[in-house]
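Novice: Just lifted these from TrEMBL, have a look:
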type	residues	note
BINDING	E30, D55, E82, D105	S-adenosyl-L-methionine binding site
BINDING	K109, D141	substrate binding site
Amino acid sequence: MKTFLLKEKDLGFFPDWEDIFGRKAPIYLEIGMGNGEFSIWLAQNNPHINVIGIDVSKEIIRKAERKVNKANLENLRIVRIEGAKALCKLFNPQSLMAVFMNFPDPWTKKSHKERRIINDAFCYLLGDRLEIEGYFIMATDSLDYANYTVEIFEKVGVFKSLWEKSIINDFPGYYKTKYARKWISMGLPIYYIGYKKMKTIEIPSWVKDFYPLLKLEKEEIIMPYIIVEIKEDPKIEEVLKILPKGIYERNNKIVNYLSFYSKENEILIDTVVVEGSLRQRFFISLYLNDHKLKISIHEATDPDPTYGVHESIAIIFSYLYKRFNELKILQNTCKKEIVEELLKQ
Ligand SMILES: C[S@@+](CC[C@H](N)C(=O)[O-])C[C@H]1O[C@@H](n2cnc3c(N)ncnc32)[C@H](O)[C@@H]1O
């Protein structure tokens, strides 16, 4: 059976949706689609639009995939990806006609509120990705989340409520999802929020710090690796001994080399990089062969090549550079400014 599930890895950065759908049409995105029924309803009832449903959960996507494949709608695709990451990676500025969020996890405990997908930075990001006159609709069972969201949208200043009141309880004609039905059956109210984008928005630099994927220019999205020639021809154990271990904190980025595994001529480093709201875990490989050493991201892992990921490779290179006298760079895709800065230290 044909699958309508697309893989994040295959999509890369800024995929050509026109090509994927085989036609140009307004794009409607649902974030946190759960079992997929809302996206199916949207696509079925609006054949003139292209619908993309996303969810962060592997298990949930698997269930949605079955439903979506069965629905067999040419104007619907689904992807497993986190919502803010999808907005950063998959959509160009001013490319979305509508974004829906039905019952996002409300994280009502005070100490958990920062886990909410909606925050000031998200609102700027959404504002950038929506077309002018594009809109955002959210349904929630939490009045606290509803009020909090309204406050953020009003503050950013480029949105206008779709309705006279910023929160409504009655939205005839709007599909009632599994969670909506659950709250309705318990006799509880649902809060709907709708905002239309009225003008363009500039993404401030603090938002780019929060979502580091926004800092990547299309042409510089490349996996970092460095190949060096070491005249001394060291053994893998010698290389292992001099590698950086533990945590490196620089320019609001944290690189943590957690553990090291070595075999004959390769070292694998379990690495975590944290930048803003993004945490990525992957393996760095050091492959030694006939005087040549390649420092790269191991192919089994697939982080997005942010500045922090470049830095994790460059730090290792700088340690080797300082230890081996006759070391020559043969190939380097690591950002030059990062490498140069590290070598100066
Ligand atoms: C409470 S359920 C609602 C499901 C569905 N929208 C409904 O109304 O029945 C929230 C859904 O959002 C997904 N989710 C939570 N955080 C997310 C995020 N940051 N990005 C994408 N999906 C997310 C969860 O996996 C879950 O499927």
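Just so you know, glycine gets a Cβ as well, placed from its N, Cα and C.
Note that the coordinates shown come from a computational prediction; the quantities given were computed from them, not determined experimentally.
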Novice: Less than 6 Å between Cβ and the nearest atom of ligand 1 is the rule; apply it to the binding-site residues E30, E82, D105.
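Specialist: By the Cβ criterion, which requires under 6 Å to ligand 1, the hits are E82, D105.
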Novice: Around the recorded S-adenosyl-L-methionine site, report the further residues of that chain (criterion: Cβ within 8 Å of the mean position of the Cβ atoms of E30, D55, E82, D105; site residues excluded), sequence-ordered.
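Specialist: Residues close to the S-adenosyl-L-methionine site, other than E30, D55, E82, D105: I31, G32, M33, G34, I54, V56, S57, G83, M101, P104, I117.
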Novice: Would you give the longest CA-CA distance, in whole angstrom, between residues of E30, D55, E82, D105, the set recorded as binding S-adenosyl-L-methionine?
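Specialist: Taking every pair among E30, D55, E82, D105, the longest Cα gap is 14 Å.
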Novice: Are there any residues at least 6 positions away along the chain from E82 (S-adenosyl-L-methionine binding site) with a Cβ closer than 8 Å to its Cβ? List them or say none.
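Specialist: Listed in sequence order, they are V56.
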Novice: Hey, how far is E30 (S-adenosyl-L-methionine binding site) from D141 (substrate binding site), Cα to Cα, in Å?
Specialist: 18
Novice: Within a 10 Å radius of its Cβ, which of these binding-site residues (D55, D141) has the fewest neighbouring Cβ atoms?
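Specialist: With the binding-site residues D55, D141, fewest surrounding Cβ atoms within 10 Å: D141.
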Novice: Highest CB neighbour count within 10 A among the binding-site residues E30, D105?
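Specialist: Most Cβ neighbours within 10 Å: E30.
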Novice: Near K109 (substrate binding site), how many other Cβ atoms are within 10 Å of its Cβ?
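Specialist: So the number of other Cβ atoms within 10 Å of K109 (substrate binding site) is 8.
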